[in-house]
Every structure is written in structure tokens, then in C-alpha cells.
Amino acid sequence: MQLNSTEISDLIKQRIGKFEAVSEARNEGTIVSVSDGIVRINGLAECMQGEMIELPNGGFAMALNLERDSVGAVVMGPFRDLREGQKVKSTGRILEVPVGKGLLGRVVNTLGAPIDGKGPIENDGYSPIEVIAPGVIDRKSVDQPVQTGWKSIDSMVPIGRGQRELIIGDRQVGKTAIAIDAIINQKHTGLFSIYVAIGQKASTIANVVNKLEEHGALENTIVVVASASETAALQYLAPYAGCSMGEYFRDRGEDALIVYDDLSKQAVAYRQISLLLKRPPGREAYPGDVFYLHSRLLERASRVSAAYVEAFTKGAVKGKTGSLTALPIIETQGGDVSAFVPTNVISITDGQIFLTTELFNSGIRPAVDPGISVSRVGGSAQCKVIKKLAGGIRTALAQYRELAAFAQFASDLDETTRKQLDHGKKVTELMKQKQYAPMSVAEQALSLFSAEKGYLTDVDVEKVLDFESSLISYAKTEHAEFYAQLNETGDYSKEIEGQFHAILETFKATQTW
């Protein structure tokens, strides 16, 4: 076959004309050291703070230290197979996690991957874990309650939607129990819940998940897990990941509750990372920005205006406010609330529920200390009936504590003092409550009314809780319509007060306990 030079040249020209050169600009670097989950990289000239860096083993690292000649990054997973001299690539992206209603009822890790064996998750998209909190103009005042189901908290330390309420105390005093019951109580209120477990034993987390499932609350809850066996990086990032999942609901005009259990362990993980990155240590060896670590997280919990929701959803949702309520947990050592991290978080939050070992060991559970527990914004969100009836409870307990201390040294007490002591004992007994038994508004109102209006005067201290239980059962069966209405409205009026009196008088006249 004879080749025609003209045909060949035309063919070559056609091929050249069709050829498209694809150029890919990539920012590459070289690992210069690997130790304790920290990689130092040379050559990443255009790296951002918090940027994800692709590693040769398929994993990712997050850039945290941007130095003159190198980048210090923390590895998000296994790092044993990383070696000096290996190439890494910038991604130009910061860490994102899946968000959406598809995560409800699921247990996920910090990166949003399912770890419950129930298959893949159908998410509605992805959200960055670091988001700037809504500004002052975008916020709305807190005026709707979050009913925790704990009568001592809902009456004395009320929590509102969009509030940050710290739960603080030593180990093993019931901090997690309060948070879990608050989540269980939301299964009929329309609040979605996110439980973030940081640095806990896997067996403890499994128990919490089982309890949520057992009480029907898991289907409205997302559980984010960074257990004690996870790397410090994942424990440090878990609260931010959980917060982004909660913001999905807030920004679409819904209400969500997030529990961080606990932020002490997150601070320890961040301290570990900072020391490995050779950042200068400060008080208690924490880095200088440990306050910002928690403030930028907790400021994201807020109640946002309808205008903010409408703008975010581009008009799809109108006339609805959204909220994200945070219950951070802090563990103290020997009751020392003046330590570095506890004082930081106390100053950031809108109040604290302080649990003491002394109350817990004396059988008063939940072990809430009403003297130093406070809610700075929740009072305006409290429902009317609880607000009206709870006024005398804190006063009665404060007077009882003072008189009980005085009575130890006084041999002869007058009648008024004896009555106050007796009333204080009964109110203290009434504030006791079992775990996994959250109380509705109507149940709490009946209980508080009986104490406030003197219906416990002739009841022995040992029988106070039996009296309460029998009273609630009686009201549920004999006055079901009033009971349901009170649960729905939470109102208080002269007519409702009269109905309360009628229920209690009939109950005391006809029932035994």
C-alpha cells in the first residue's frame, strides 16, 4: 500500500485540531516528619487554616499550624503507614459533614459515617463543621421553654429554646442522666436531639443508645461518637460536627437540642494536639485559645428570627423561627468550679446546673444545688403554671438549708421554725425523681401546687413521693380532660387554681396512699 504524504499531513492536522490539553494545577507537599498523629509538611505554599490535606494512604489530615517553612497537620485516622518523603495534596476544602433528617435514629462518627451497622445514610447535603455564629440582628429573644422533665430543673433552673445551659459537677453525680432524660422528654415535643459523646468508653455510649431506643427517643436523635479509643483530633472535632448537624434544623425553622458530653474531654484532646504541635502552653498547660475553642462552639446555639430562616431557605420557609439549645457538660475535680475550663464555660453559657457529690450521696437525686444553680434567660421562657407555682420552692429550700444548719446548734426551736424545717424537708423530698421517668407539665404543676398550698402538711416525709404518685394517677384517670388541657397550654388562672384545689381536696378526702 502506497502512503500519500498529503493525506498523512491532513490526518495529523485533524488530530492536532481535536486534541485538548488538560492541565491540572495541584498544590503538593512532602511529609518531613510523622509522630503521634501529627504530620509536618513542606511545600504546601497556599494552604488554608483548617484545610483538608489528602494523604497517600487515602486518609486526610487537617492543617492547624501554618508556619514559615512548613504546615503542621493533625491526621484524622490511622497514621502508622505514613512515611517521611511521601507526597500529599491540598484539597482546597475544609472539613464537611453530612446533614439532614436522614441522620435521625443513627449513630455516626465525627465525620458523619454510620457506625451502627444499619447501612448507608441518605443525607440532604453537607455542611462545614466551622460556621460563623448568627449575628445579633439575626437572633430572637428566648421565650419558649425546653421541658427537661426534671421537676427540680423546670421549676428552679428553667431552660429556654436557644439557650446554653451548663451541667457541671464531679464524676458520677448524674450529669449524663439529666441530659439523657431531657432528650427522652422531647419525643413528643417536636424537638430534634443530637447527643455528642466525647472521650467516653464505648460500653457507656452503647448503654446510652440502648436506653434512648428503649424509651422511643432514638428515632428523633442523632448520636455522634468520638469514643476514648478515637484519636485526639476526632474527639476535638466531634462537638463542631454535631453542632453543624443541629444547625441544619435551626436554619430551616425547626427546634433542636444538642448535648455535649463532655467538653472537659474535648479541651484535654485539644491540649494534647496543641502540645504536639509545639504551641506555647498557658495555665494548666492549655493553649492560649482554649476559651475560643468553646466560645465559638457555644455561640452557635441560638434562637434565630423568622427573617433569618426565610433568607436562609430562600423563601421556602416563612414565619417560623428556629433554635438550637445547647446543654454542655463539664466535669470538675473535687468540686472545684474555679478551675480554668469550668470558669471559661460558666462565663460563656447562660447559666449552670451545679450537681454536688454531697447531695448525691445523701440520696437527693437529681443532686441539683439550688443555691448556686442559675438560669439567666430561662425565666422568661418558663410556662405560666410552672412559673407561678415554682416561686416559693427555691425560697423554701434556701430557708430550709439555712435553718437546718442553725438547728444543729439550737436545742429549743419555736413553732414557726419547726414548721419551716418540716416544709423544707418535704419540698426536698418532693424534688427527688427517678431516672428515665420525665414528668409532664401537668404532673409537675400538681406536685408543685400540693407543696406550695400546704397540702403536704399532714403527710409524713417518707410518704411524700407516694402521695405525689397517687395524686398524679388520680388526676390522670378522674380529671383526664383538665390534665390534657394543662399539658397543652401550660396556662394558670383563677379557674385553674380552683380546679387544682378541687382535685387535691377530693383526692385527700377519698384516696389513701
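Backbone N, Cα and C atoms are what each Cβ position is placed from, and that goes for glycine too.
These numbers come from a predicted model, not from an experiment.
Cβ environment of Gly169 (ATP binding site): Lys175, Glu331, Thr332, Gly335, Phe354, Leu355, Thr356, Thr357, Ala367 lie under 8 Å away, each six or more residues apart in the same chain. Under the heading ATP binding site, Swiss-Prot lists Gly169, Asp170, Arg171, Gln172, Val173, Gly174, Lys175, Thr176, citing sequence analysis as support.
All protein chains considered, the CB of Ser373 (site 'Required for activity') has 22 other CB atoms within 10 Å. Under DSSP, Ser373 (site 'Required for activity') is assigned to coil, being neither helix nor strand in the three-state scheme. Per Swiss-Prot, site 'Required for activity' is recorded for Ser373.
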- Given the binding-site residues Arg171, Lys175, and counting only Cβ atoms in the protein chains shown, which has the most within 10 Å of its Cβ? Lys175
- Message: Long-range neighbours only, meaning 6 or more apart in sequence with Cβ under 8 Å: which ones does Asp170 (ATP binding site) have?
- Response: Glu331, Thr332, Gln333, Gly334, Gly335, Leu355, Thr356, Thr357
- Taking the Cβ of Thr176 (ATP binding site) as the centre, count every other Cβ atom within 10 Å, in any protein chain shown. 21
- Note on the structure: Least Cβ-packed of the binding-site residues Gln172, Val173, Gly174 (other Cβ atoms within 10 Å) is Gln172
- Message: Measuring Cα to Cα, how many Å separate Gln172 (ATP binding site) from Ser373 (site 'Required for activity')?
- Response: 18
- In whole Å, note down how far the CA of Ser373 (site 'Required for activity') lies from the CA of Gly174 (ATP binding site). 15
